[in-house]
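For reference, the structure discussed in these notes is given below.
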Amino acid sequence: MPSAFQFQCHLVLIFLAASKGETRYLEVRDAGEDDPFLLLSEDLKRELSAGQIYRRSLRCIDMLSIEGQFTFTADQPQLHCATFFIGEPEELITIHYDFVNIDCQGGDFLKVFDGWILKGEKFPSSLDHPLTTSQRYVDFCESGNIQRSIRSSQNVAMIFFRIQLPGNGFTVTVKKNSNLFPCNVISQTPSGRFTMVIPHQHRNCSFSIIYPVVIKISDLILGHLNGLFLKKPSASCAGVGDFVELLGGAGLDPSKMFPLADLCHSFHGSAQMKIGCDNTVLRMVSSGKHINRVTFEYHQLDLQETEARKENSIEEFCFPSI
């Protein structure tokens, strides 16, 4: 049986794909009206005239992948609400408060989080984000007019809020900005191709795919020799300084996932792996001494592929979760 995390996150990305015309069949059982991931079935990519701004009301639990102006007005006390924002891998998200009418003294709040939080797990993890966890929160009730625009550090962000008095609410404008060197990314789709570049920066970058996938690395430049190692106590990249690791798990936070394989050295060719976990992450650790680069492609793993091993593949993992 799929985990609750897998069920929820797959629904996020399925409806993001639906907005791009890539809808797949899905039968949903026992989904409540307020499930946070049943919210992108409408066609968000509607035609807008030049200069026209897309506008709509927000639900208590919502998901957005498009620029525009969005308004929430409470019709009853709303105690646990959140809106998830996601862009393309090379995009950052800016959230601007146009209008806010909430009762901070009465217990209302409106907060932006730089990343996503789901079931208590964060993306990017604390190990991969340039800010401390406390710095990733911007509370309107504390900052007020001082900070009315907040830009994310990656292609995902969220707001969460509590508004108790009917009629109160807020309006935000969401815009996307180019990111020349995307680092931490959640993929909107179950297949794609991506090149991650870390140019002489001491940082860690994770690319998260919330699907079981076949992932093929076609090019890795770390300034070393050739090598591919399974993650074992006797064969690890620890201490190398620059490496790529593949992680798998059932949650959102890469730091809590199971390490599957290390790639410690540069190579040109093809290294392929089937990962049947709910979430697959390719994570690059960089010391800042090199220009590190990795190119990979991925597609969703189907059941037939779990039965057929391919040449130049290393051992499969997590298949019981499919």
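The count begins at 1 with the first shown residue.
A Cβ is built for glycine as well, from the same backbone N, Cα and C atoms used for every other residue.
Same-chain residues at least 6 positions away in sequence with a Cβ under 8 Å from that of C81 (disulfide bond) are, in sequence order, C60, I61, F72, F160, F161, R162, I163. If you look up TrEMBL, you'll see C60-C81 (among others) marked as disulfide bond.
The disulfide bond annotation in TrEMBL covers C104-C141 (among others). Packing around C141 (disulfide bond) is summarised by its Cβ count: 15 other Cβ atoms lie within 10 angstroms of its Cβ, all protein chains included.
In sequence order, D128, C183, N184, M196, I198, R283, M284, S286 constitute the residues six or more apart from C205 (disulfide bond) in its chain with CB-CB distances below 8 Å. Taken from TrEMBL, the feature disulfide bond applies to C183-C205 (among others).
If you look up TrEMBL, you'll see C237-C264 (among others) marked as disulfide bond.
The feature disulfide bond is assigned by TrEMBL to C277-C318 (among others).
Residues or ranges marked as domain 'Corticotropin-releasing factor binding protein N-terminal' in TrEMBL: 52-177.
Annotation comment: TrEMBL describes 185-306 as domain 'Corticotropin-releasing factor binding protein C-terminal'.
Per TrEMBL, signal peptide is recorded for 1-21.
Each of the disulfide-bonded residues C60, C104, C183, C237, C277 was scored by how many other Cβ atoms lie within 10 Å of its Cβ, and the smallest score goes to C104. Between the disulfide-bonded residues C264, C318, the minimum number of other C-beta atoms within 10 Å of a residue's C-beta occurs at C318. It is 42 Å from the Cα atom of C104 (disulfide bond) to that of C277 (disulfide bond). Secondary structure counts, DSSP: the domain 'Corticotropin-releasing factor binding protein N-terminal' (52-177) has 10 helix, 67 strand, 49 coil. Annotated pair C237 (disulfide bond) and C318 (disulfide bond), C-alpha to C-alpha distance, rounded: 22 Å.
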